[in-house]
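Asker: Right, I'll just put the structure down here and ask away after.
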Ligand code: ADP
Ligand code: MG
């Protein structure tokens, strides 16, 4: 507008100048010219204003359309989310129901699993024998010159794993009858089979342990045949310091403990706890390797095994230490083992002169009146527990009644007390003394004494297994401290695994044959033992 005013102003001056300067005709010509120019300019401006207004309105329409579209999309999104939410709610409800069903089914399956697992273990025999043949080692050849005739084959291999159930002993020596004999066991490990493989066959027994059965795993064989290697592993041997570095070399004892803790971690927290005792049976005496004096210093103390009024084995005053995990356990065992070698009252220098018994006692808290509670859903187990309790207490009340047959129909050696309802199961892990002393002659003094004690305890063990095999009414558990101590995890429906350890060399032929004979005899237990469930055998306890 200002521009027009300016233009008009200048035009006016011009007009005035022209008006006053020229004649009438020229003046009107200039006015017409100006008028035309202004009109043209106004027309142009109006036109562009118009198109600008049009453009603006179009733009506005376009933008509002976009926003409207966005709002619509957002509303749709919210609607969809709402629907999805509802779907999720329905799904969550369905899942909850399914979970409940699955949980119920799982509980049932768990009971079935437990029963089946036990049948399987029973079918394999409550006493089973595995045999491990160690590799030939450099020390097998030591002390024998290879050039000496007749001695040449001394370190030659004569004992083989023919397959994973058969041991073959094959040997022909000049001047001797040749031997070609096979022995059958539940499992035979050849020299190349690892600690891992051996443990894989042991692990199912630990499931039985948590199902309420006592378990014993023992290594039998002559000195140097690999008992300690199999049970503990090379790290825990003698006084070499234990290290967790080489886990693949760990033996049955540390692995079993790890497995027990693993199995317990799957149960409700606080319902289980584990105590450990470590004892040595030397010259038919029990030495507590975890005992402490008033200063808290550990030293080997003699203890004795007794049979309680409830018919269980007990070692009064024996040190039990509670452990929370496998490494605490290993620490304890290592402490015990160091004492085994060092203490002056334990006169033997070599661990092979004594039996090492590591016991894990697992206590389960059973909730109040509901004995079928927590982990004892299994019909058979809970019945057994009920029986245990009803057997135990009336006997406690009538103190004068004979209790010698209290184990008659309570096959598992579970303990339950009225105040705190607890069930105890026991895992006993045994590294037996070297069996080479059986039949050894020509030794005197302390060595003779040791030898005869080892002789007696190992033959007492053979007698016990033999008596169970023949289902004799009397099993002579009390003939030695070793068998008395192990009674609860050998007899009844406890599960025993004997791991025969064999040196394959020719110079160990006699000892290997003796061990294989022991294993074969123990194995007959299984054949005689397979029995119908719910049909208790007559009392095996004295
Ligand atoms: P034992 O306890 O029966 O007297 P050891 O367990 O001490 O015998 O074994 C004797 C030696 O043989 C040890 O040096 C051990 O490491 C070794 N050994 C035993 N079994 C095996 C095996 N399966 N593989 C490798 N080495 C073994
Ligand atoms: Mg040993």
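Placed from the backbone N, Cα and C atoms, the Cβ positions cover glycine too.
Just so you know, TrEMBL annotations are computer predictions that nobody has curated.
Feature list, courtesy of TrEMBL:
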COILED    92-119  coiled coil
DOMAIN    126-525  domain 'Kinesin motor'
BINDING   221, 222, 223, 224, 225, 226, 227, 228  ATP binding site
Asker: Would you list the other residues of this chain near ATP - those whose C-beta lies within 8 angstroms of the C-beta centroid of 221, 222, 223, 224, 225, 226, 227, 228 - in sequence order?
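Answerer: Apart from the listed residues, the neighbours are 134, 219, 229, 352, 434, 501, 503.
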Asker: Measuring Cβ to any atom of ligand 2 with a strict under-6 Å cutoff, which of the binding-site residues 222, 225, 227, 228 qualify?
Answerer: 227, 228
Asker: Please list, in sequence order, those binding-site residues from 222, 224, 225 with the Cβ less than 6 Å from ligand 1.
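Answerer: Once distances to ligand 1 are taken from each Cβ, 224, 225 fall under 6 Å.
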Asker: As a test of the contact definition, list every same-chain residue at least 6 positions from residue 225 (ATP binding site) whose Cβ is closer than 8 Å to its Cβ.
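Answerer: Expected: 134, 501, 502, 503, 508, 511, 515.
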Asker: Can you tell me whether DSSP puts residue 228 (ATP binding site) in helix, strand or coil?
Answerer: helix
Asker: Counting every protein chain present, what is the number of Cβ atoms, excluding its own, within 10 Å of the Cβ of residue 221 (ATP binding site)?
Answerer: 30
Asker: If I take every residue in the domain 'Kinesin motor' (126-525) and average their pLDDT values, what number comes out?
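Answerer: Value for the domain 'Kinesin motor' (126-525), mean pLDDT as a whole number: 78.
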